[in-house]
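First up is the structure itself, then whatever we jot down about it.
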Amino acid sequence: MADTSIKEDALDNQHRLIISESGFPPEERPQKTKRLASLDIFRGLTVALMILVDDAGGEWPMIGHAPWNGCNLADFVMPFFLFIVGVAIALALKRIPDRLMAIKKVILRTLKLLFWGLLLQGSFTQDPDKLTYGVDMKKIRWCGILQRIALAYLVVALLEITTKKAQAKDLSPGQFSIFKLYCWHWLMGACVLIVYMAVSYGTYVPDWHFTVYDRDSVNYGKVLTVACGVRGKLDPPCNVVGYIDREILGMNHMYQHPAWTRSKACTEYSPDKGPFRKDAPSWCYAPFEPEGILRFFISAILSTIIGVHFGHVIMHLKGHSDRLKHWVVMGFGLLVLGITLHFTDAIPLNKQLYTFSYVCVTSGAAALVFSFFYVLVDVWGMRFPCLPLEWIGMNAMLVYVMAAEGVFAKFINGWYYGDPDNTLINWIQNHIFIQVWHSRKVGILLYVIFAEILFWAIVAGILHQLGLHWKL
């Protein structure tokens, strides 16, 4: 994740940074920094939420991704990450005075994120319960969480670098002066929104067909056809988002188990997983990429720009009350706009399509959550209760790789006794949590909270005390 260090003086509302290291010209000296604790805690909460919804969502479908329209707890995770990256961009890049050096750092970090994204999301280490290794290049998944973050970071960070002169300016009087100061950011956001809307509602989606490769499916090996021949649809089979991914990425490189398989049209067990209905439409068996190409333009860039704006507020507005007033008003405004668009049937909330209403609701929620932690920690100084989340946030990449992506669990499951199902993790789940509580749902939930989230918080805390952090 992007580095979130900020100068201690910046927290005290000083715009001119004092540098004490020797051996550098004043304009090139590296700046001593103090981390913004509320942002670390917010990042830690987001990683913890990802672990929770991924590992407990199977037993608690109401916290997993919405099958199509709607917004569950899991649907807030990705936009929260993008918002945090945006705040970090504003605070971190202002400490690099040389533009060329900043561009080099941004490109290098982007390449690192893409590498890890392909390694983790490309199925090389997927599914801790299956003792498999390697990836079939014919079926590698090109898109993923870190890839989306990488591309959003690249675009918005380069925009921030090219408009760096605005950071040195004082705000002119007026309620919207900070928006005017960074008008190029909002112009970029408006452009990507217009392009997304034009493509989504104006592109013709023809009929399409696919081969079912799921060996457990009754249609295995069959070629199924989906009838479309329309434009402007936002339903599962005929939206332009899926059409572009099918044409560019190819069916084999898309996510093979999309959330729409839990929709009412596909299964009677909706919103939980279950056997498909006998009359399930053909598209229920098709792949769909939730992190695909077109969604990058609206959600990734726009959510990150909103985060950058919150970083700009820290840099320019004086006093906690001024910052919080700006953040809270903007957060509630985005929430109201998104909810209004959804319930008036103008633009539905949809994570799979990353609709504009979804961006508004999730960004508004991110604004309010960040404001809450800012008051709690940076204003009131109540840092101790949030230490586990802060530790995770300071070592987010480590916890993401080991816990959220299941690398550590897969390593442990590789050591079994007699039977591949007889592993330490399964024993802990069954004997310490499920059997004690006489409920698989409650047992799995508590296992994820204590044996995964809290465990990795402690590990991250120990590493922090040792001065060890995994940074990209």
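Glycine too: its Cβ is placed from the backbone N, Cα and C atoms.
Of the listed segments 106-125, 386-405, TrEMBL assigns transmembrane segment to 106-125. Of the recorded ranges 293-315, 327-344, 444-463, the transmembrane segment (36-53) has the largest number of C-beta contacts under 8 angstroms with 444-463. Pairs of Cβ atoms less than 8 Å apart link the transmembrane segment (183-204) most often to 293-315, out of 145-162, 293-315, 356-377. Note on the transmembrane segment (145-162): residues 1-2, 78, 81-82, 85-86, 89-90, 93, 99, 102-103, 106-107, 109-111, 113-114, 116-118, 120-121, 184-185, 188, 291, 295-296, 300-301, 303-305, 308 of its chain, located 6 or more positions outside it, place their CB under 8 angstroms from a CB of the stretch.
Between the transmembrane segment (293-315) and the stretches 73-94, 327-344, 356-377, it is 73-94 that has the most C-beta pairs under 8 angstroms.
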